[in-house]
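Copied over from Swiss-Prot, here are the features:
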- His450: active site, for 3-hydroxyacyl-CoA dehydrogenase activity (ACT_SITE)
- Asp296, Asn500, Tyr660: substrate binding site (BINDING)
- Met324, Asp343, Val400, Val401, Glu402, Lys407, Ser429, Asn453: NAD(+) binding site (BINDING)
- 1-189: region 'Enoyl-CoA hydratase/isomerase' (REGION)
- 311-728: region '3-hydroxyacyl-CoA dehydrogenase' (REGION)
- Glu119: site 'Important for catalytic activity' (SITE)
- Glu139: site 'Important for catalytic activity' (SITE)
Amino acid sequence: MLYQSETIQVSWLKDGIAELVFNAPAAINKLDTKTVASLDKAIASLEQQTGLKGVLLRSEKTAFIVGADITEFLSLFDSPVEKLQEWLNFSNSIFNRIEDLPVPTISAINGYALGGGCECVLSTDFRVASPDIRIGLPETKLGIMPGFGGSVRLPRLIGTDNALDIIAAGKDIGAEEALKNGLIDAVVPKEKLVDSAVSMLEQAIAGNLDWKAARQPKLEPLKLNETERGMSFSVAKGMVMKVAGPHYPAPITAVKSIEKAATFGRDEALKQETASFIPLAQTNVARALVGIFLNDQYVKGLAKKHLKEVTIPEYAAVLGAGIMGGGIAYQSARKGIPVMMKDISQQSLELGMNEAAKLLNKQFERGRLDAIKMARTLSSIQPTLNYAGIEQAQIVVEAVVENPKIKAAVLSETETLVNEDCVLASNTSTIPISELAKSLKRPENFCGMHFFNPVHRMPLVEVIRGEKTSEKTISTVVAYASKMGKTPIVVNDCPGFFVNRVLLPYLLGFGLLLRDGGDFRQIDKIMEKEFGWPMGPAYLIDVIGLDTAHHSQSVMAQGFPDRMHRDYKDAIHVLYDNQRYGQKNGLGFYKYTQDKKGKPKKEQDEQTDQLLATICQQKSNFSGEEIIARTMIPMINEVVRCLEEGVIASPAEADMALVYGLGFPPFHGGVFRYLETMGTAAYVKMAENYAHLGALYQVPPGLKAKAERNESYYSTAATIAVSTGKTA
């Protein structure tokens, strides 16, 4: 053994060939600060070997290296600039030393080689891979860019256009594409990976493969003349700005950095990469996107704990074949859980099956499943007009019309037909679960399971715990939702649960703004372009449906009369009273026609202004700052109340529910990350300017207390001593 640490071993393999093996104690290899420090020492041990002829890098795990340890990022990014630069320089010096070894080097890649893992293999002369690999640089998805030489070596290895495509989009690619563009040199069966890599290394040692020629382009400027350079980068910058937009600076920064470094050799180009990386790492966008990644991992970890407690249902039933019921049945079947879809109408069943067939056909056309899988999936949805066979179901999801009496009757009837340990779940968006449970003999087996429309696209499922719901029931529903490919988040029962409860105050704030003379078109523009919502509030209400929004207002007003009751008619009431229901009937805040693809196209409608003029003050010109404050403060306050009341268990779960359920702008990271960025004291000070507008704008006491103590809702991670990799 030439060198050994907790994560890396270096030993002689044969005939002057040494192997450096990544072998972390955990299930996967990460390039955390400890491993980087170990890699420094491992390379030093190789540099001292006089008989060294070649070096093989490989992994003992099912994946090569999945990337850096993202749990360390927020602490690293909060370091002083000089510390962050020191860490990057130190890390890059290690990969330079791999690249500068006086012998040929090769990486044997299996599984994932992402981020720092990809940058590691780029530093070797050759790369051989198994067919199952995914390799790429996903950093821009985290609001940063490659920092270990990826933006320098990749374009010099595979060409500027190919590299920009991977780096700017944060892409990873498979073995076939990686071989085609030159990122890897060979694809071999997994069982022959190491032998093939050694054989290739022996060819290089013997002089049959020119390893110096393979290495040289990575040390030099890009092979582009001035005209080619201008064309490549101008096209890339235009595409990136169109796709990423102004709120996500990482992709365009990466492109500009590669452009600036195009005429530099490796060492100067790496300095440029570091100079571009550091400002990105210290942006609020990077903190938000890294926060989303960490929160997502946390939420998935909670779901895994539930999975340990129960068996995933193997057969399900869905009651109701409408938009939601049909979508739930499709998603269940698509993910391998056969499902019985029951309705009282043959026409509804046919519509449900047709919708499933249409979605499967789209998957088939995109090459995501073959004809056999498509047919098998469709045949695993059993449409029926009666309950025969429902006793086989381990879980039944009720998705009938949003009427408490009908839902209670259907659930009560179903309970008499299923096994005693069968779990019942109601897909409701507004009806309290504890109320529905009163019609059941086994309320402990019942909970809410709130899907979002369209079911096949929206990642969130709210799992609602009623007063008498058992933990086994919650775990079973979480397991089922996870198997369906969804992100389940458990919330406690209350009117609107979590997502709809916090959405309505946002819409009420919008209504107050209209009452005071705001223009819904300007508000939509500000909330989309400046704040970053996928849809402004008026457009969102049209998509939801004004009838649905009107009903939701009524339910929430009963549940929270002090904040959400309105003793006057607002915009939603007026448009609803005039049969303007939004996209569903072509008239809402906007009017809708169909485009060439048959999709709703939004247009202005003077009649809306005439109707709103009856309840709204004369038009006023609000600033973007005022519009954002007046719509967002009610939502932020309500989210905080939900945490304080225990409706939702943690800031991480709240933020993920907002991002996955409402499309809260990811670059803000969710309400609690947004509060952290602004600072709790600054938020309270801002909100106090609007306190005169009513109860919705009153800051919850817990948030005020945090502001007084200058506390955040997220704890700070341990700081990292970058030179040693030890936590401080």
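Note that Cβ sites are derived from N, Cα and C of the backbone, with glycine treated the same way.
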Measuring Cα to Cα, tell me the gap between Asn453 (NAD(+) binding site) and Tyr660 (substrate binding site) in whole angstrom.
12
Provide, as an integer number of angstrom, the distance between the C-alpha atoms of Val401 (NAD(+) binding site) and His450 (active site, for 3-hydroxyacyl-CoA dehydrogenase activity).
14
Which of these recorded positions is closest to Asp296 (substrate binding site) if you go by CA atoms: Met324, Ser429, His450?
His450
Can you give the mean pLDDT for the region 'Enoyl-CoA hydratase/isomerase' (1-189), rounded to a whole number?
97
Quick check for the class: what is the C-alpha distance, in angstrom and rounded, between the residue listed as 'active site, for 3-hydroxyacyl-CoA dehydrogenase activity' and Val400 (NAD(+) binding site)?
13
Going by DSSP, is His450 (active site, for 3-hydroxyacyl-CoA dehydrogenase activity) sitting in a helix, a strand, or coil?
strand
Least buried by Cβ count (within 10 Å) of the binding-site residues Met324, Val400, Val401:
Val401
Using a 10 Å radius around its CB, how many other CB atoms surround Asn500 (substrate binding site)?
19
Which of these recorded positions is closest to Val400 (NAD(+) binding site) if you go by CA atoms: Glu119, Glu139, Asn500?
Asn500
Should any of the recorded positions Glu119, Glu139, Asn500, Tyr660 have a Cα within 10 Å of the Cα of Ser429 (NAD(+) binding site), which are they?
Asn500
Out of Ser429, Asn453, which of the binding-site residues is least crowded by other Cβ atoms within 10 Å?
Asn453
Over all shown protein chains, what is the count of other CB atoms within 10 A of the CB belonging to Glu402 (NAD(+) binding site)?
17
Would you mind ranking the recorded positions Glu119, Glu139, Asp296, Asp343 by how many other Cβ atoms sit within 10 Å of each Cβ and giving me the lowest?
Asp296
Name the one residue among Met324, Asp343, Glu402, Lys407, Asn500 whose Cα is closest in three-dimensional space to that of Glu139 (site 'Important for catalytic activity'); these are the binding-site residues.
Asn500
Sequence gap of 6 or more, Cβ distance under 8 Å: name the residues on the same chain that satisfy this around Tyr660 (substrate binding site), in order along the sequence.
Met458, Pro459, Leu460, Thr487
Non-local Cβ contacts of Lys407 (NAD(+) binding site) (under 8 Å, 6 or more apart, same chain)?
Glu398, Val400, Val401, Ser426, Thr428, Ile431, Leu436
